[in-house]
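S.K.: Sharing the features that TrEMBL gives for it:
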type	residues	note
ACT_SITE	Glu157	active site, proton donor/acceptor
ACT_SITE	Glu257	active site, proton donor/acceptor
COMPBIAS	274-293	compositional bias 'Basic and acidic residues'
DOMAIN	29-269	domain 'Xylose isomerase-like TIM barrel'
REGION	264-293	region 'Disordered'
Amino acid sequence: MIDVGWPAERLSGNISTLYRALPLRERPDAAAADGFAHIETWWPFAPDETPSSGDVERFGLAVERAGVQVASLGFSSGSRADGERGLPALFCGRDRLGRHAPIALDLAERVGCSLLNLLYGRRDPRVELAEQRNQADDAVAFVAEKAAERGMRVMVEPLSRSDGPGYLVSSVSEAIAVCASVEARCGVPIGICFDVFQLYPQEADLAVSAARALPWIRHVQLADWPGRRPPGTGEIDIPAVLAALGTGGYRGLVGLEYIPEAPDPSDPAAAAADRGHMNGTRRRDDERTPGDG
């Protein structure tokens, strides 16, 4: 676990990025071995939106065995191969969420997670923008209501225009607008997943943006720009952002969602481990998790 200037007990390891070289069932154990008490994950069964109850139970058992708490769980963002980055804004998004959301909420309940991240989706030029936003906000409200019935809360996450071309929520202002629209529709408050890596290209001053978004921020994620690299190795003034959050009273978790630095190909031991930030050596396999956040 790297030191980012935030209390270690309030850090969360994103198992979809930090441990992407491992099979899903091994990732919670790897995070625990690295000292994380909390983990987070993108939708773990991507691209399958409706995994079996057996798949859900196996992941739940892996989390139990590791003894970690799941801080945040991502809903499916759809098929990256088909250009999807979130279900709500899709023409058929409400129907797909009708099938997917109950399973995602079952999974969250199984692993004791009360915070779920819902990507909003990309622009569809075949539909008027106002109409598309309206249907997307309705879909988010539907999920927010279902989550609230189980004591859970939904977040929306802005994505950078380079990482998510055409994505409809790319700034703090747009995310706040979605939060307000959804609450007006269903009476259920939702929050923002404040991803420093995703917001950096759009926000002139991330520390100011963090302070502005603070009433809506439910979770924070860190990676440096460019390349989703480890914090402190790129362009972002991460200490300033964390200072603004701390000064403003944020006491939630901060997720480490970076891609570990690639090993030196001339070093066989490092190449075999492919995880210079972790202790020990673990086998690789061909499993990869599509990028969701």
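Backbone N, Cα and C atoms are what each Cβ position is placed from, and that goes for glycine too.
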S.K.: Non-local Cβ contacts of Glu257 (active site, proton donor/acceptor) (under 8 Å, 6 or more apart, same chain)?
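M.R.: Result: Asn14, Ser16, Thr17, Glu40, Asp195, Phe197, Gln221, Leu222, Ala223, Arg228, Gly293.
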S.K.: Express the predicted model's confidence over the domain 'Xylose isomerase-like TIM barrel' (29-269) as a mean pLDDT, rounded to an integer.
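M.R.: Mean pLDDT across the domain 'Xylose isomerase-like TIM barrel' (29-269) comes out at 96.
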S.K.: Tell me the Cβ neighbour count for Glu157 (active site, proton donor/acceptor), meaning other Cβ atoms within 10 Å of its Cβ, over all protein chains shown.
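M.R.: Here the count is 26.
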